[in-house]
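First up is the structure itself, then whatever we jot down about it.
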Amino acid sequence: MEAPSTSSIEPKTPRIQPPLNLHTPHNPSPRTIYSDRFIPSRSSSNFALFNITNNPSSNSSDDSTSAYNSLLKAALFGPEFGGTFSPLTPEKSYLYGKIGGSSSNNGVMQSTPTNCNIFKYKTETRKSLHSLTPFGFDYQLPGVSHSPVNTRRKVPRSPYKVLDAPALQDDFYLNLVDWSSHNVLAVGLSHCVYLWHASSSKVVKLCDLGIDDTVCSVGWAQRGTHLAVGTGNGKLQIWDASRCKKVRTMEGHRLRVGALAWSSSMLSSGSRDKSILQRDIRAQEDFVTKLCGHKSEVCGLKWSYDNRELASGGNDNRLFVWNQHSTQPVLKYCEHTAAVKAIAWSPHLHGLLASGGGTADRCIRFWNTTTNSHLSCMDTGSQVCNLAWSKNVNELVSTHGYSQNQIIVWRYPTMSKLATLTGHTYRVLYLAISPDGQTIVTGAGDETLRFWNVFPSAKSQNTESEIGASSLGRTQIR
C-alpha cells in the first residue's frame, strides 16, 4: 500500500493564488490539493509487507507456524483467505471467476502476490461476539482446533461425597438439614441431631430428644453459633453448638414445628397448627407475635436478605408475604395448585422471590414483591421440594420429588438448564448451601446426603470450593 504524502496530512490553511499575467507565458507548477479526509490508495498493495508466507512450503517442518499463518490470515482478511491462495481484489476475483481458462495452467489457478490488494470493502454482516476474535470464527480451519470464548460452564454430574444418614425421614413437610456460616452441617435423624464439621469430617451428636419426641426442623442462626431445633411435640429448643449445651426451650405451638427462619435475633417458627410465631430470643416471653392466615400446615419459611419481609408457604397452596410488624399477610399469592414448601429470596435483586409447588403443581414461579406482580412460571415436570439461589452468580438450584428425583441448576432469568443431576432414589426433600456459595448438600428418604459442586466461586467461575477438594468417598454421619 502506498504511503500518503506528507502534505496530505498537514492542516488545511487558506491559500491566495497570485493574479495570472496574460502578457507573459504561464508555466504551470504542481499544485497541492487539500482534502477533508484521508483515503488510502488501493493500488500496488504488497502482501509481503505483512511477513505472511503466501504459499507455505510443503516441506516445512513447523506445522504450527503454517497453521498459525493460515489462522492469522483468515482473521485479518476473512475466511476466504484462510487457505493457500492470496487475497484478490474484487476486480481480479471477478476476472478469474469469469475467465478462468485464460489465467490457468492445466486447470490450476495462478495468482501473483505482488499486485494484490490486501484490504477490500464488503458489506458488513452482524456477527456473534465470538467472531470478533482471531480464534472465534464459525468455520474450522484445517489442522486448527478452537472453541468459543464464552464456553458453557460445566457442572460435575456426580457428587464428590456421600454420607449415610440412617433414619433420615421421607416427609415432605419437614426441614432436617441446614449448613452454618461456620461450615458445620446440622442433620436431624429421628430423635437426634448430629453436627458434621465439613473442614475435618468430624461428627458430633448434639442432642437426643428421647423416644417420645422427634426432630422436625433445624435452623442455624446467622452467626453460626446457635442452632434452633423444632420438635414433634410443638416445642422449640435453642442450642449452643460450640458447647453442645441447650440454652432454652420455647413453647407456643400445639403441633409439630416443621419450618424455621432466623432474622438476626428474631426467630420465626411455622407449625402444623397453621400458625407462625415470631420469637425474640433475648426476651423472656416464648413469642412476641402470632401470625395467622394459613388454612393448613406451614411448611416453608424464609426471611428476605434485608430482613424486612418474611415469606411463608403452606399445605393450603398459598404463598404469603409478611412485613416486620404485620399480623396479617401484606401479599397473598394463590397461583400454586399444591403445597408450597420451596421458597427462596434472590440475593441479587431486591424483592425477587421464587416459590415451588408440590406434586399437583410442579411449577417454579417468580414474584416481584415490590410491585406485587407475578413475573414468570416454569413447569419443571416434577414435585418441587426446595429452592436456593447462588450468592455468587444469578443462578438457582431446585430439588425435586415425584417422579424423577432430580436436581436442576438454572440460569436466571432465561431459566435455561445448566445441569440436571441424578443419584437419589427417593424424593430430594432436603437442601442446604455451603457458606462459600459453591457447594450444595441434598438429602432424601434413601438415607443419604450427597454433596455437589454446582456454583462457581465469587472470584472465579472455574475454581473448585475448598470443601469440594476434600477426600472423596462414602462415610456415615453417625
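Placement of Cβ uses the backbone N, Cα and C atoms for every residue, glycine included.
Lifted from TrEMBL, the feature list:
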- 1-10: compositional bias 'Polar residues' (COMPBIAS)
- 1-37: region 'Disordered' (REGION)
- 163-452: domain 'CDC20/Fizzy WD40' (DOMAIN)
- 208-249: repeat 'WD' (REPEAT)
- 291-332: repeat 'WD' (REPEAT)
- 421-454: repeat 'WD' (REPEAT)
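Within the chain, the repeat 'WD' (291-332) has long-range Cβ neighbours (under 8 A, six or more residues past its boundaries) at 172-173, 175, 258-264, 266, 268-272, 274-278, 338-345, 347, 350-351, 353, 355, 357, 361, 367, 369, 372. Listed by sequence, the residues of this chain that lie at least six past the ends of the repeat 'WD' (421-454) yet keep a Cβ under 8 A from its Cβ atoms are 155-172, 174-183, 185, 187, 198, 224, 383, 385-388, 390-392, 397, 399-402, 404-409, 464-468, 477. Secondary structure by DSSP for the repeat 'WD' (208-249): 0 helix, 23 strand, 19 coil.
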